[in-house]
Ligand SMILES: [Zn+2]
């Protein structure tokens with residue numbers, strides 16, 4: 001597979017970054033160039049905001065509070081309530097600009113693109129210049145329980161992270177699963193690029209690439225897109241995974257995620273797809289009605305660490321996984337149901353976050369994707385009700401082995417040995 005990609009970075013009218021990642025021949029050859037300006041009359045995003053009396057007040061970014069009950073950080077995206085930006089019903093802010101059209105407040109000024117990433121206009125996490133705690137970035141938030149009871153309700157910090165939107169295609173009606181493998185490969189490169197860039201920001205501790213797909217997940221824009229969050233703290237789930245990995249390491253000397261992968265491979269019962277560099281399996285204690293984890297064979301902490309051949313292979317196996325996910329449930333007449341899913345990339349947090357390695361430097365995190373759905377049957381969603389929402393106590397409606405068995409009906413496990421599921425580099429279905 002060609003690994004040629006072209007990266008073009010510019011700024012939107014209000015100062016946000018916009019980066020194009022292209023693989024189409026006309027961009028690679030230079031025959032086509034992206035327009036770099038944004039004709040919209042937008043004020044700088046950090047400019048003062050008028051208060052109720054019309055008096056300009058300095059722009060303030062989102063805040064986060066530390067929940068004294070659990071220790072979790074809760075960003076308060078209250079300023080998002082003030083968003084004035086509501087795209088017209090017939091316009092999609094993620095579609096490319098229409099040629100020769102008047103300004104329509106789309107987010108992408110160019111009329112063509114392959115993959116585009118830009119900073120969210122109404123982010124729940126944002127670093128505002130001049131509001132840094134230490135002038136450099138924002139120091140990692142204090143992580144201890146306050147010594148003084150009077151401080152219990154005082155622990156807060158700027159939610160100095162970053163929220164980006166990644167458009168997977170300029171085609172409004174498509175979906176990642178329908179893209180050619182070469183385009184998914186470009187998306188992998190874009191994830192890698194953003195992981196490196198956000199991970200380098202002094203205030204960011206963890207980079208999360210994810211996609212919410214389908215209205216049932218709460219997606220309001222049908223345009224195929226995902227998001228990239230840079231959190232200024234370690235997320236609760238990551239903290240928990242790190243804690244378990246540390247305990248396991250101390251007991252056995254092993255790397256938890258690697259040893260789980262090897263155990264799943266040895267058992268084979270829940271392995272649903274395998275390629276040269278990747279294995280997908282239903283986890284032993286899956287909590288969602290459909291859940292698959294995809295892990296690299298090599299010990300890798302983040303997407304940027306993947307080699308070209310691991311990225312090529314990922315594009316193929318990821319699309320095949322999504323394709324089978326879309327065949328998992330069928331209507332009574334046999335029509336496949338587009339699966340609402342969340343695709344969540346777990347990456348090694350920044351070393352700035354601390355706690356990511358053992359005392360002797362062994363990494364506790366390992367790159368993997370968790371793909372899961374809230375659909376438990378055609379037309380039936382799993383609600384996170386009393387036990388899950390009230391107690392964080394998950395009860396599965398199925399068994400991991402049943403999930404795996406359904407995947408086994410949908411195609412052979414071994415991708416390299418299955419001509420039936422072979423996918424050509426240009427994306428034609430074999
Ligand atoms: Zn669109």
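Just so it is clear, glycine is given a Cβ too, placed from its N, Cα and C backbone atoms.
Within the region 'Disordered' (30-68), the DSSP-based counts of helix, strand and coil residues read 0 helix, 8 strand, 31 coil. Sequence annotations record features per position, and here TrEMBL assigns region 'Disordered' to 30-68.
Same-chain residues lying 6+ beyond the ends of the compositional bias 'Basic and acidic residues' (30-43) with a Cβ under 8 Å from its Cβ atoms: 8, 10-14, 18, 20, 24, 103, 105, 109-110, 112-113. Residues or ranges marked as compositional bias 'Basic and acidic residues' in TrEMBL: 30-43.
The domain 'Galactose-1-phosphate uridyl transferase N-terminal' annotation in TrEMBL covers 62-234. Looking at the domain 'Galactose-1-phosphate uridyl transferase N-terminal' (62-234) alone, the prediction's average pLDDT is 86.
When secondary structure is read from DSSP and collapsed to three states, residue 223 (Zn(2+) binding site) falls in the coil class. Summarising the environment of residue 223 (Zn(2+) binding site), the number of other Cβ atoms within 10 Å of its Cβ, over all protein chains shown, is 18. Residues or ranges marked as Zn(2+) binding site in TrEMBL: 92, 95, 172, 223.
Residues annotated as active site, tele-UMP-histidine intermediate in TrEMBL: 225. Within the same chain, residues at least six positions away from residue 225 (active site, tele-UMP-histidine intermediate) with a Cβ under 8 Å of its Cβ are 94, 165, 166, 167, 168, 211.
TrEMBL lists 244-351 with the feature domain 'Galactose-1-phosphate uridyl transferase C-terminal'.
Within the set of recorded positions 92, 95, 172, 225, 92, 95, 172 have a CB atom less than 6 Å from some atom of ligand 1.
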